[in-house]
Amino acid sequence: MLSAEHRAIVKATVPLLESGGEALTTHFYKTMLAEYPSVRPLFNQAHQQSGDQPRALANAVLMYARHIDQLEQLGGLVSQIVNKHVALNILPEHYPIVGACLLRAIREVLGAEIATDAVIEAWGAAYQQLADLLIGLEENVYVEKETATGGWRGTRAFVVARKVKESDEITSFYLRPADGGELLEFHPGQYIGLKLIVDGEEIRRNYSLSAAANGREYRISVKREPNGKASNYLHDSVNEGATLDLLTPSGDFTLEHNDKPLVLISGGVGITPTLAMLNAALQTSRPIHFIHATRHGGVHAFRDHIDELAARHPQLKRFYVYEKPRHDDEAHHAEGYIDEARLIEWLPATRDVDVYFLGPKSFMQAVKRHLKTIGVPEKQSRYEFFGPASALD
């Protein structure tokens, strides 16, 4: 039980987390992944090496400590965590491992003089409160997905019905249930989890669903990353007829249905969730402005599909920005990068729009800044990270 004294102690550690939280979480991951191999498949080693995962956890721990008296203020963060956990099939038995390693990291990084028995006790109680909250919320989602039409719990086998090269870097996989059963619906913008065995090692990854729900199959579109263990395995070793283990669709970066003009802005492989949103939005009459930035035509996936949609749907306007176009690239609307002048030109005159954007972090930082400058309300601009969440400001 988290007492008033526990809360006071946790809040008193906020300055320490602000200055040293990342060192603490880096030590935490190093310890946990070395000593508990059972949890390694749940974490992307590239995100560990880049520091993105420890940084994201440090921010989450800090936010929790700051709002320990008003957990309702964590609503958005809690929802993101629950969705990520469900897509990876995080289970109650994983939480004691995390808790033990977190408390150990607090003691070892802060030292016994600061991380006294009282501090460890307070953080132990605080962690248990958070774990109980997440376990309960996640169980609700697991039950909801298991009992829904076409739903399941844990993994379900899917067959690769088609494998299609979309660009020099991106390949799509069309996945149908191996049991021939019904398919769980999903919301445009959500992702799905894959459980893979690569070189004898289990790994789990999340990939955006890149086509609107059709009741027959899911589509993921995977960019080959130079050192990506999962993406290279999918590109090189998974062919039509292969079977993959999928976890249920998840994610809270989803299309909100209303009559406002819709603006979809993507960079690189960030196009994948916006495609599902685009296809769903075209079932309505709302105006759509689709803006995509990429390096050049060779890595521009789905161009023919979007051009064909624009030819059939007058409500859709699309704009392409090539950073370094090749001499034989098809026509594009601008060279370089998306900037304020181009957004002013390409967006509707009204700033009462709904904007969804996704891409590399530096791309999203620039887009967020430009949208704010030209007057798009911040509450109507939504974004998501591939991988651990971070701050754009």
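Numbering starts at 1 and runs along the chain as it is shown here.
Glycine residues also receive a Cβ, built from the backbone N, Cα and C atoms like all the rest.
What Swiss-Prot lists as NADP(+) binding site is G268, V269, G270, I271, T272, P273. Residues near P273 (NADP(+) binding site) in space but far in sequence (CB under 8 A, at least 6 apart, same chain), listed by position: P188, G189, Q190, Y191, S208, L209, S210, F253, Y356, L358, E384.
When pLDDT values are averaged over the domain 'FAD-binding FR-type' (153-256), the model yields 96. Feature annotation from Swiss-Prot assigns domain 'FAD-binding FR-type' to 153-256.
What Swiss-Prot records for 150-393 is region 'Reductase'.
Feature annotation from Swiss-Prot assigns site 'Involved in heme-bound ligand stabilization and O-O bond activation' to Y29. Residue environment of Y29 (site 'Involved in heme-bound ligand stabilization and O-O bond activation') contains 17 other Cβ atoms, counted within 10 Å of its Cβ in all protein chains. DSSP gives Y29 (site 'Involved in heme-bound ligand stabilization and O-O bond activation') a helix state.
Cβ neighbours of K84 (site 'Influences the redox potential of the prosthetic heme and FAD groups') (same chain, under 8 Å, six or more residues apart in sequence): N206, S250. The site 'Influences the redox potential of the prosthetic heme and FAD groups' annotation in Swiss-Prot covers K84 (among others) and rests on sequence analysis.
Look at E384 (site 'Influences the redox potential of the prosthetic heme and FAD groups'): DSSP puts it in coil. The site 'Influences the redox potential of the prosthetic heme and FAD groups' annotation in Swiss-Prot covers E384 (among others) and rests on sequence analysis.
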Does V269 (NADP(+) binding site) have same-chain partners at least 6 apart in sequence with Cβ under 8 Å from its own Cβ, and which are they? E169, I170, S221, K223, A301, G359, F386
DSSP puts the residues of the domain 'FAD-binding FR-type' (153-256) at 9 helix, 46 strand, 49 coil
Round to a whole number and give the Cα-to-Cα distance in Å for the pair I271 (NADP(+) binding site) and Y29 (site 'Involved in heme-bound ligand stabilization and O-O bond activation'). 31
Cβ neighbour count (within 10 Å, all chains shown) around E384 (site 'Influences the redox potential of the prosthetic heme and FAD groups'): 20
